[in-house]
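Just below is one structure, and these are the notes that go with it.
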Amino acid sequence: MLKKIFIKTFGCQMNEYDSNRIFDTVKKIGFEKTEKYEDANCYLLNTCHIRDKAKEKVYHEIGRVKKIFREKKKPIVVVAGCVAQAENQEMLKREPYIDIVIGPQSYHKINEAILNHLKNKKKEEETEFDTISKFNYLSQIKNKDSKVSSFLTIQEGCDKFCHFCVVPYTRGPEYSRPFDQIINEAKELVQSGAKEIILLGQNVNAYSYDEEGKKYRLSDLLIKLDSFDKLERIRYTTSHPKDMTDDLINVYKTSSKLMPLVHLPVQSGSNKILNLMNRKHTIEEYLLVYEKLRKINPKIEFSSDFIIGYPEEDEQDFKMTMELIEKVKFINSYSFIFSPRPGTVAANLTLVDQKKSKQRLEIIQEKLFNNQIKKNKSLENKILNVLVENKMKDGIKLFGRTEYMTSVIFDGNIENIGKLVQVEIISSNQNSLFGKLTESSKKKVA
């Protein structure tokens, strides 16, 4: 009988990529994927440790699984990802229902862990930083993720050690995959139907790989991918302002496939706070990158991340953040109240009054919300290029994205999926655009 695995993924796009590759791996020992908890022989939770209460989410999910399988045979329970890396021994002690914990740099060993557990009925723990072995192994397994828009990890870990961040401790130091390994996986994705590839890394623009005296950087990868005939779009995330080098910026001038949306987290508009965060750049340096990019390609827009209520943030610091938002006019951003992560420098700092932090968060989110509304409203009555990704749940409308990652919903034929079409925008809200196929796009399908 074929074994079934249920995979639930929390957190970033890299976790989504990891979950896909975990499934590619466990297929080798006979697993197929199920979307139903109750059918699973193996339940895997791929976790994120960035936000507050990450551990408690894990225990809550395990509690749900316990209830479902109260009168059924217990599945193998695997906790993977960054929470597993950070809390491995504690998790195994606190929750006996967990059978295996496996860190993000060890999931190539998941088959061995599962088979050992089945044989010995003992808890298994794999949490070594073994990034080279992981990617060498994964390069031998075909990436079956054939979505129209597909993720591709090129770099992992971080050496920046921002004082609020757990990534250096859960993902390890910066590691860049071999250039040819990435290109080969990209070719597989395109051959499987991918029209857009999103390059991933905790610090993706720090990508640097030396081979026989040749140093490859992110710009080299982008230029190579730009030459793929059947690939329509290229994106990358997440970037650090310090690594936004001139060679990378110049690709925005020459590439027709690199999308004009740059996700460039800044976290705060105050140099005082950036210094306390150990961000290793100033607002002036951030704005210089912004100006260079806009000069190279005036179509470029920006999105960002903001941490509100970081220790010692005062009204003047917050005002500077609001001024930065007004200047750059980010079209999409993520903002959160600071939550201390165990093991980081900031975990030991005095918190800003939570009432003040919540008030500031409401103000900044309203500003960012209005920016999005204004941007989307400006697109009404315009014709946009949309990459069609899938059909909506109603089975009638189609879903796609613009160059700026904005969702577009419209009536269309399923034969449009995977194609670039032109859509006339009729209306909008904060998150989405609504439109209709142009006559020329209808004729192409017909």
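Yeah, the Cβs are placed from backbone N, Cα and C, and that goes for glycine too.
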### Message
Looking at [4Fe-4S] cluster 1 binding as recorded in Swiss-Prot, which candidate out of C82, C158 goes with C12, C48?
### Response
C82
### Task
State the count of C-beta atoms found within 10 angstroms of the C-beta of C12 ([4Fe-4S] cluster 1 binding site), not counting that atom itself.
19
### Summary
Spacing of the two Cα atoms, C162 ([4Fe-4S] cluster 2 binding site) and C12 ([4Fe-4S] cluster 1 binding site), in whole angstrom, works out to 18
### Task
Determine, for the [4Fe-4S] cluster 1 site, the additional residues of the same chain whose CB lies within 8 Å of the mean position of the CB atoms of C12, C48, C82; present them in sequence order.
F10, G11, M14, N15, T47, H49, I50, G81, T170
#### Entry: Secondary structure composition of the domain 'MTTase N-terminal' (3-119) [DSSP: H/G/I, E/B, coil]
61 helix, 25 strand, 31 coil
### Query
Which chain neighbours of the [4Fe-4S] cluster 2 site, leaving out C158, C162, C165, have a Cβ atom within 8 Å of the mean position of the site's Cβ atoms?
K160, F161, F164, V166, V167, P168, Q202
### Task
Under 8 Å Cβ to Cβ from C82 ([4Fe-4S] cluster 1 binding site), same chain, six or more residues apart: give me those in sequence order, or none if nothing qualifies.
G11, T47, C48, H49, I50, A54, G103, P104, V166, V167, T170, R171
